[in-house]
Amino acid sequence: MEQFHGTTILSVRRGDKVALGGDGQVTLGNIVMKGGARKVRRIYNNQVLVGFAGGTADAFSLLDRFEAKLEKHQGNLTRAAVELAKDWRTDRLLRRLEAMLIAADATTTLVITGNGDVLDPEGGICAIGSGGSYAQAAARALAENTDLSPREIVEKALGIAGDMCIYTNHNRIIETIE
């Protein structure tokens with residue numbers, strides 16, 4: 001049975017500001033099932049931004065576990081991410097989940113994968129999902145050549161990804177921490 005897939009999630013950090021955004025498209029095979037899904041959330045007392053790509057049910061399961069890890073480790077983003085990645089890699093049921101997460105707080109941005117990777121992106125820019133490469137390339141160009149805010153960069157870069165990737169639409173949700 002096919003899973004719901006297809007999205008673009010992008011995070012841009014500049015100075016003490018971070019923006020995390022995503023599109024709203026959910027795709028089952030080659031059919032758009034929903035255009036307004038919310039794949040970017042605020043968790044842990046609105047102090048942490050999380051965006052997810054991949055299988056929708058898998059992502060929600062991981063998001064719940066990640067929020068529990070944040071509670072357990074008093075909001076320590078890195079520790080919670082490492083603990084989630086360890087569980088994800090070693091637990092037989094979790095290992096089958098197909099999703100990726102980007103998490104950001106006031107000081108740190110991390111990409112968390114099912115391979116047990118917890119990555120701190122270079123240059124404060126990272127993206128996941130089907131349109132991630134397009135969005136990341138656009139964001140890097142905008143960050144290097146303009147004085148736009150992280151929110152403005154995310155908005156423009158997701159627009160470019162939406163123009164190029166058939167699994168990404170222009171219905172964007174963007175959250176910021178300043």
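Using the three backbone atoms N, Cα and C, a Cβ is placed for every residue, glycine included.
As recorded in Swiss-Prot, the features of this protein are as follows:
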ACT_SITE  T7  active site
BINDING   G162, C165, T168  Na(+) binding site
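Known features from Swiss-Prot, placed on the structure.
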| residue | record | Cβ contacts under 8 Å, 6 or more apart |
| --- | --- | --- |
| T7 | active site | G22, D23, Q25, V26, A37, K39, F52, A53, G129, S130, G131, Y167, T168 |
| G162 | Na(+) binding site | T8, D23, G131, T168, N169, H170, R172 |
| C165 | Na(+) binding site | T8, S130, G131, Y134 |
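For the recorded Na(+) site, residues G162, C165, T168 set the reference point as the centre of their Cβ atoms, and the other residues of that chain within 8 Å of it by Cβ are T8, D23, Q25, S130, G131, Y134, A135, L158, A161, D163, M164, I166, Y167, N169, H170. For T168 (Na(+) binding site), the number of other Cβ atoms no farther than 10 Å from its own Cβ, over all displayed protein chains, is 29.
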